[in-house]
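Since the structure comes first, as C-alpha cells, the remarks are kept for the end.
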Amino acid sequence: MGKYFGTDGVRGVANKELTPELAFKIGRFGGYVLTKDTNRPKVIIGRDTRVSGHMLEGALVAGLLSIGAEVMRLGVISTPGVAYLTKALDAQAGVMISASHNPVQDNGIKFFGADGFKLTDEQEAEIEALLDKEVDELPRPIGTNLGQVNDYFEGGQKYLQYIKQTVEEDFSGLHIALDCAHGATSSLAPYLFADLEADISTMGTSPNGMNINDGVGSTHPEGLAELVKEKGADIGLAFDGDGDRLIAVDEKGNIVDGDQIMYICAKYMKETGQLKHNTVVSTVMSNLGFYKALEANGITSDKTAVGDRYVMEEMKRGGYNLGGEQSGHIIMLDYITTGDGMLSALQLVNIMKVTKKPLSELASEMKKFPQLLVNVRVTDKKLALENEKIKEIIRVVEEEMNGDGRVLVRPSGTEPLIRVMAEAPTQELCNEYVHRIVDVVKAEVGAE
C-alpha cells in the first residue's frame, strides 16, 4: 500500500481527505499513466449513490479531459459493472467512485485497466510518484485536442444483460427478497430478478445521497432476515453500497455468509466439471468449517492475506476461477474480473433452482466453527509478532487444539492493533483460547 492507494484504491472522508483538488489530480495523473500510449483514449466513469459522488466525478472528469481523454459517464452503477464495461466498450481505463460498504461521509476512487482488472502495484506507484511531484509536467492539449465528455447511462443495462446470460433457467416460482443498501444496485438488482420472472420484495432501494449502507445492506443483513420471514421469501440477497459483495439469508431467516456461498458454489462447480484445478481461493479469515467442508468434498483450498486484491492475484497466478472472502466478495473469474454481488446472487439462486434444494439445506452442509476475534492495542506491532512468550502461548494453544481448531494472530493494516482470532468446536473453548493469548499479548506489549 502506498501513500494514497490502499488495498482498494484511494479512500478518505470526502471533501476533507479526498478533496476535489486531489480527485482532479488523480484523474489527470491516473488517466495519463493508464492511457499514455493511446491517442484520444476512452475512459469510463461510474459512481455509487453518495452525495459526494457528483463533486468527485466533476473533478475527475476535468482531470481526464485535461490530458485529452474522451470520457464516458455511466451514472450510478456497480463496481463490477464498471469493470465489465471497461473491457466490453474497449476503453483504456475505467474509474469507480465509491467507498463500498463504508458510511456516507467516506468516498473513494478506484481504477480498472483496459483488461477490466484493478491496477497493479507498479501502476499505482507510478501514479503516486506523479501526485508527489512539485511540478506537473504532463502534456496540456489545447483546442480540438482537449477531451470531451458524453453520457452512456445505458451501460447498466448492457452489464445486466451480460450477467443474466450466465444462468440457464429463469427464476419463476421463487420469491426473492433484495436489500440494495440504498446503493449502486438499487435500480439494477430489482430489474434483473424481475426480468428473470422471480417474485421480488425489496428494501434499501430508495437512495437519497445520504442513506447508503445506513443500517442496510451486506453489513447489516438483520433487516433483510426479518423481511424474508415476513414475506415468506425463498431467499434474501443483500448487497453493499457498490455492489461487489453479497450476503444471503435462507428461507428461515438465517444469515449465509461469503464462506457458505463459496462452499455451495464450489461444490456445485466441482459436480458440474466447472471448478478449475479443483481449487477455491480464500483468505486466512475464512472459517475452519469452510476448509473442512471443502476437504470432505475433495476440493483443495488456497489461502491468501485479507483483501480481495490478494485473492485475485492468487487466482490469476494459479489459473483458478472461484475465490472470495467471508465478507461476501466472491470472484467468478470465468465471467468477470472483480467481486460481483449480483453475479454471485444469480449463481446461488440458479444452484437452488437446479438442485431443487432450499438454501438452508445447501448451507447446512458447511458446519461453521464458533469464532472469536479480539483486538488488542499494542505499543509495537512488529515487536508483538517477534515476542517469544507470545509465540510460545500460540504454540501451546495450537498443540491443545490438535487440528480441531485454529489460531490466527495478525497485525491490523491501519491501526496499532494485534488481532487475536480463534476457532474451536465450542464457543467456550474459543473464548478460553483467545483470552489466554490476549492476556500474554497485553502483558508483553499492551498499550493500556
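Each residue, glycine too, has its Cβ placed from N, Cα and C.
Swiss-Prot names ASP240, ASP242, ASP244 as Mg(2+) ligands; from the candidate set SER66, SER100, SER364, SER412, the record adds SER100 to that same site. A gap of 6 Å separates the Cα atoms of SER100 (active site, phosphoserine intermediate) and ASP240 (Mg(2+) binding site). Of the chain residues outside the Mg(2+) site list SER100, ASP240, ASP242, ASP244, ASP48, SER78, THR79, SER98, HIS101, GLY183, ALA184, PHE239, GLY241, GLY243, ARG245, GLY339, GLY341 have their Cβ within 8 Å of the site's Cβ mean position.
In sequence order, SER78, THR79, PRO80, SER100, ASP308, HIS329, THR338, GLY339, ASP340, GLY341 make up the list of same-chain residues 6 or more apart from ASP244 (Mg(2+) binding site) whose Cβ falls under 8 Å from its Cβ. In sequence order, ASP48, SER78, THR79, MET96, SER98, ALA99, SER100, GLY183, ALA184 make up the list of same-chain residues 6 or more apart from ASP242 (Mg(2+) binding site) whose Cβ falls under 8 Å from its Cβ.
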